[in-house]
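*Asks:* I have a structure here, written as structure tokens, and I will follow up with some questions on it.
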């Protein structure tokens, strides 16, 4: 017996169909163009921050080292989904192999998990800098910051191995159509041939613990930061402290707001279109806004970017002379 996706119910699924955004061909071309521009801007913006921190010796401090790692992560975070989504717009079959689907699932959610760890590390760094300024130089050394960053990468890519393994072991024998633009665990588990309540419960608990533990750590850190800032006697001191933390809080709000709607709140009854839009916020919009938020609200970063641009222009002029 054949299902609408064209897969025999008795045979294991070898590929999935990602429906993506179902609309007219003209709208598909428009969305392809729009997301292509957004993707290029995401890469350019985050690459500029990463290269600026690497190039400018004055930015070799824990705060900017963590920011450079975060920007580097954002480039790959967007790359894990956007290129396949763009190819899907122009594809007639819209298929992805079984292993390709689970690789995308693993890398996308591993990098999302790594992002929560980096946001937590950045919150801890700001807490130490503002609430423990005398201890900051000895506690948050560059070497310790590098070790902290490495720990974020390793833990982020280790955490999601178990959920991916659990879901990949489910029997998939049809249908094979995923009403999404990426391989999301929710739609994937719905395609299992047999009910998997234990796997769903484990994944729900894992997501909730991960999201809430890091979110509570970040909010606790910033609660202490705000209390400390409010005690600063000078208005200029308060303004500078809030300016430093404001950009981080903006990224945290955008990222955590969308993933909580998607993975913590009961989204099973929501239309697939709503889930796609919410996923776009944390998978595409956050990496795009990250360089704008951090560069436009940070004087040191803006000055370093200007120096880098002037240095590159000077180098090009020197090359043209020869």
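Just so you know, the numbers here start at 1 and follow the chain as drawn.
Glycine residues also receive a Cβ, built from the backbone N, Cα and C atoms like all the rest.
Residues or ranges marked as transmembrane segment in TrEMBL: 37-55, 67-90, 96-124, 145-167, 204-230, 242-265, 277-296. If you look up TrEMBL, you'll see 45-294 marked as domain 'G-protein coupled receptors family 1 profile'.
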*Asks:* How about long-range neighbours of the transmembrane segment (37-55): same chain, 6 or more residues beyond its ends, C-beta under 8 Å?
*Replies:* 64-65, 67-68, 71-72, 74-75, 78-79, 82-83, 86, 284, 287-288, 290-292, 294-295, 301, 304-305, 308, 311
*Asks:* State the mean pLDDT for the domain 'G-protein coupled receptors family 1 profile' (45-294).
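*Replies:* Here the predicted model's pLDDT, averaged over the domain 'G-protein coupled receptors family 1 profile' (45-294), is 87.
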*Asks:* Which one, 96-124, 145-167, 242-265, has the most C-beta pairs under 8 Å toward the transmembrane segment (67-90)?
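*Replies:* The stretch with the most close Cβ contacts to the transmembrane segment (67-90) is 96-124.
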